[in-house]
Structure formats: C-alpha cells, structure tokens
Amino acid sequence: MPSTRNIEKLNDSNPTLRTLSLSALGIVYGDIGTSPLYTFKTVILLAGGGTPDVNTIMGSVSLIIWTLIIIASVKYISFALRIDNDGEGGILALMSLLSLKLKHRPFIIAVGLMGAALIYGDGTITPAISVLSAIEGLEILSPSLKYYVLPIAITILITLFAIQSKGTATIGKAFGPVMAFWFLTIGILGARGVIQHPFVLAAINPVYGLNFLFSNGATGFFILCGVFLCVTGAEALYADLGHFGTAPIRCAWFGLAFPSLIFNYLGQAALVLEGASTEHNIFYMLCPSDFLLPLIILSTVATIIASQAIITGAFSMTRQAMQLGWLPRLRVTQTSSEGYGQIYIGVVNWFLMLATLGLTIGFGSSEKLAAAYGIAVSATMLCTTVLLFIALHKLWKWNIITSGLVAGLFMIVDASFFAANLTKFINGGYIPITLAIIIYSMMYIWHKGYKTIAIKQKEKNITVDSFLDSIQKEGVVRVPKTAVFLTSKEQDIPPILVWHVKKNRVLQDKVIILNINNLSIPWCKPADQLQIVETGAGIWHAVANYGFMEQPHIPKLLKKLEAQGYDINIKDITYYIGHETIFVRNVRHTMSKYIKILFVFMHRNALPMSNYFHLPPESVFEIGRQIEI
C-alpha cells in the first residue's frame, strides 16, 4: 500500500501520481461519477415534472453545482483528506484517531459508529439504483424493452455478488481506464448540450440556486432530496484515502471527474431548456441516437464498477470494525496477493446481495428507489461533520470560533439535506435507517458483551510468581516443547494455562503467553509488531500489535522470533486457545437479559479463534470454559 506521506511528495510530472490518479477514478469516483444517470431527472420530477420553467431548470442545476463544490470539493477534498489516521481515512478511522487522543470518547465513538452503520444502510441501495438507472436507457432505445430492464438488472447484480469470492484484482485493473473513458464521455456529451444552449452557464452563479430555494417554499425544500443525490458518493473520497493518498484523489477530482460532472449536469439542463421531454431519462437524451446503445453498455459497466467499489468498501469497513472490537470475528479471505484491500467476507457479501436484490425487486425502478435513497448518507455526512469540528478544534488547535465557522457551514448544508431527506422516511427511507440501527445495535452489543467477559477474566488474574510456586509445589513435569497460549487481554497467567497445568500435570519448557493487541491506528510498524519479555522459568510474555487495517497471522509473526535467534521451532509449536461457552442466568449484572442473549448468539456464530489467526489445525488445542454473564 502506498504511503500517504510519500504520495504527497509526488509532483504532477511523476508517472506514479498519474497512475494512482487513474486508479482512483475507478475506485473512489464510481458512485459519484454515475450520479448524473438519475440525479437531474429526480430533481426535475420533484420540482413538478412536465415542462419546467427557466427558473426551475437554472435553479436546480445551480444547486447541484454548488453542492458538488461545497460538499465534495471543499468539505471532503480540501478539509477531510487532510485529517488522516496514519494515512487512513473514513469515519471509523477518524473516530479511532479522535478517541485515541481526546476525552469524551463515548460521544465520539457513538457518532462514529452510527455514521459507519448508516453507510451500510445506504450501501444496499447504491448498486440497485445505479444498475437500474443504466439499464433503463433501453426504454429510450425501444419502449418495448422496458419489460426486460428488471430481469437484466437482477441478473447483473447476482453475477456481481457471485464473483466476489473469486476476487476482482485482474478485472479491477481496467476500472480506472473505463471510468476515465466514462468521465470523458459524459463531459463531452454535456459540453455538446452547453454549446447548443450556452445561456445555461449562468447557472454557475449561486444566486440562481438560492433564489429558487427560498422563493418556492416547500418545493424548494423538497427538491433538496434530489439535489443531494449528486454527492451520495462523496464519503468514498475520504474512506479511500489510505488506498491512494491525498494527491491522486485530488488530481483525479479536479483534473477530470469534477469538470466532467459539471459539464454533464449543465448539458442536461441545457437540453431541458431547449424543450426536451422530462418523461424519459434526460441523461441519455444528450446522446445522438446512433451512439445510444454503446452509451447504455458503457453506463452499465460504469455502474457495475461503482457497485463493486461499494462492496469492497463494505468488506474493508467490516474488517476495521472487527479489529477495533466492534464486530465478532468473521472469515476474511485474501483474494489476491497483489493488494491488501483485495479481501472477501462472505457474510457481508450475501447480506448485501439479499438486501440489494430485495430493494431492486421491491421498488422496480430507479425513480422509485430515489425515494428511499439519500437519507442514510446525509446522516453519515452529519456525523462526519461533527467529528471534523472536533478535529479542527482539538487536533489542528483552531480556536472554537474559526472551527465553528468552517464546520458550521458544512453543518448547515448537511443538516438541510438531512432534514429534506427525512421526508423520504415513509416512502422507503425507513429501510436503510432500520438496517443502520440493526448494525449499530450489533456493534454496541458485541462490544458491551466483550468488555463484560474481559472484566470477568481479569478478576481471575494469577501472577507469574504464584503460578511458578504452584507448579513447583505440585511437581509439574516440564517437557521439551514450545507452547503458545493466546489471550486477547493482558494477563500475567491466562486461565487456559492454569487449566492446562491442572488437568495434564505437565508444562512445556518454553511457554509464550501471547496477547493480541488491536490498535486504534491502521498499521503497526514492523519493528513494533511483536514485543517479547522473558519473565523467568522458560515463560515469555509477548504482545502482538495489529492495526485495524491488518489481518492477524500468528504463525508468520512467530517466525520472526525464530529468525531473531529465539530457541523455538515454528513447526513444533502447540497453540492453546480458549473456547468460551457463554450462558445467561436470570440475574442482572452489567447487561440486560435480552442484550445478553443476543450477545451469546453472536458469540456462538463468530469465527473460531484458530481460523481467524490462521493457526494450523493439527497444532491447536482448544480448552473449553463456561462463563456466566
């Protein structure tokens, strides 16, 4: 993975910057880049449809342009990208950074987790609305083809999710060039419309948007629901910071994506000013009829790429949440050795597929899906703005007035969009919100239950001296082997080691008590990844440090000890891990009974520790324990 700090040193003539910028077009800008397929059409529909007047057209496109400027260009590109957690971006990385360095952790964590949960909620809609809006171009080609739109969209989505386990590293190399061609195409089509009606360029003046917003009462307010669709993919600009760095993301945005989007929206507005019908997708009406089918194919490919970015982002965010202790262990499969971000999480993939297909079939068209789309993303952006304000004031040391003025502008814009999108709640907006609440509850329950178990285990801590005294008094036999006892918490002597000695009356002459420590930073320096101290009598205490973007692999880590001259044979190690059986009594302790029951269910279905840490099955002993909560 390229370091952000190194990328910042690149200049415009550096081929690495150009390569990374091209790649960023394929990963970062897929969602926001395909928004022209449905945004302007939705805005005009919310404004009353039919034949809109000049003020409506100019005001609508002006609002879209300035939303792209304020939210995408200023908030995310100019500010958010500068606040990274050791090179990583996104709301979970920002939450971890702030909670690590500041007080008021419960508030920061609550805001960050809710923002992350909301991303999952709207992430189920993005593939559905994107693919449907692309395939709906067939209706312009021939009205009789409208009956094939839904089956084709469903087939594409099923195929997309089905191939995830195989990895997308090979075809992923084409994402950047394809999206570059996509942006060039929509930019040229838009410019063609602008040339036909250059008056539309006046919409760059924000006065048109403000006049329309404040002079049309409820209509001006409701239209913000449609306007917001142009930036639903803006959160990806920040979330993918660690993959590319600030410079390539900015270069791709200002060099191609942003001007192409502006021209396309202006071109669609120009077309409607010329009297084009708003009954069909305005985006496709920019294209000459001879090139309509190739454009539909290109649009479909672009929306598939946008959907792939959403799926990959969900995998990455899930891994972050697991490493930070907010979700149970899930099976993570590395699908390519070429990139750390090439992973697959089956549970997440099939959850997204079922939810996306359900929404696609249930709503049936991009127009109806737009009624449910945006509410969760607008709430996520509010959460990000709250954390940005804290970062500006506490990390950048800006005074509270300056921080408030900058964040206040973003807050006003974000709150306006969120308030407008709340009107979608009954029409389908409740779906992503409900999903977000479920996921947030899962994260809260898992973390709460995990802390409860940790407290109970800590109460039974045994010191090294007392343990050594006991094995000497009881005449425990030491055998020439190496044993590794894994524990998730720092303990002098973990319960599984005590149990092993009591039951077997034998102990290996080399014992490593390995504590897995998940850090609140994305990556741990290789020199700091493994720390080991000998406590005497052949017992070592070791700490394995992993960042929230890293996948633990214990055998590989222990090879470092062998390479450093420690007297251990990696092929002759026996791993001891605890297998807790959690049960609930009708006694109230730190968790309500129903929360406890849900935690027990999640715990039983979590991936076994041996699988998660890549331990060789033939060398693992699981020691069962019952824990009451």
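Cβ coordinates are placed from backbone N, Cα and C, and glycine is handled just like the others.
Features reported for this protein in Swiss-Prot:
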{"type": "TRANSMEM", "residues": "20-40", "note": "transmembrane segment"}
{"type": "TRANSMEM", "residues": "61-81", "note": "transmembrane segment"}
{"type": "TRANSMEM", "residues": "106-126", "note": "transmembrane segment"}
{"type": "TRANSMEM", "residues": "143-163", "note": "transmembrane segment"}
{"type": "TRANSMEM", "residues": "171-191", "note": "transmembrane segment"}
{"type": "TRANSMEM", "residues": "212-232", "note": "transmembrane segment"}
{"type": "TRANSMEM", "residues": "253-273", "note": "transmembrane segment"}
{"type": "TRANSMEM", "residues": "291-311", "note": "transmembrane segment"}
{"type": "TRANSMEM", "residues": "343-363", "note": "transmembrane segment"}
{"type": "TRANSMEM", "residues": "372-392", "note": "transmembrane segment"}
{"type": "TRANSMEM", "residues": "400-420", "note": "transmembrane segment"}
{"type": "TRANSMEM", "residues": "425-445", "note": "transmembrane segment"}
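For the transmembrane segment (253-273), the most Cβ-contacting stretch among 20-40, 106-126, 291-311, 372-392, 425-445 is 20-40 (pairs under 8 Å). Against the transmembrane segment (61-81), stretch 400-420 shows more Cβ pairs under 8 Å than any other of 20-40, 171-191, 372-392, 400-420. In terms of C-beta pairs under 8 Å, the stretch of 143-163, 343-363, 425-445 lying closest in packing to the transmembrane segment (291-311) is 143-163. The transmembrane segment (343-363) is not in contact with the transmembrane segment (171-191), judged by fewer than 3 CB-CB distances under 8 Å for residue pairs 6 or more apart in sequence.
Per-stretch counts of Cβ pairs under 8 Å to the transmembrane segment (20-40) identify 171-191 as the leading one among 143-163, 171-191, 372-392, 400-420.
Taking pairs at least six residues apart, the transmembrane segment (400-420) and the transmembrane segment (171-191) share fewer than three Cβ pairs below 8 Å and do not count as touching.
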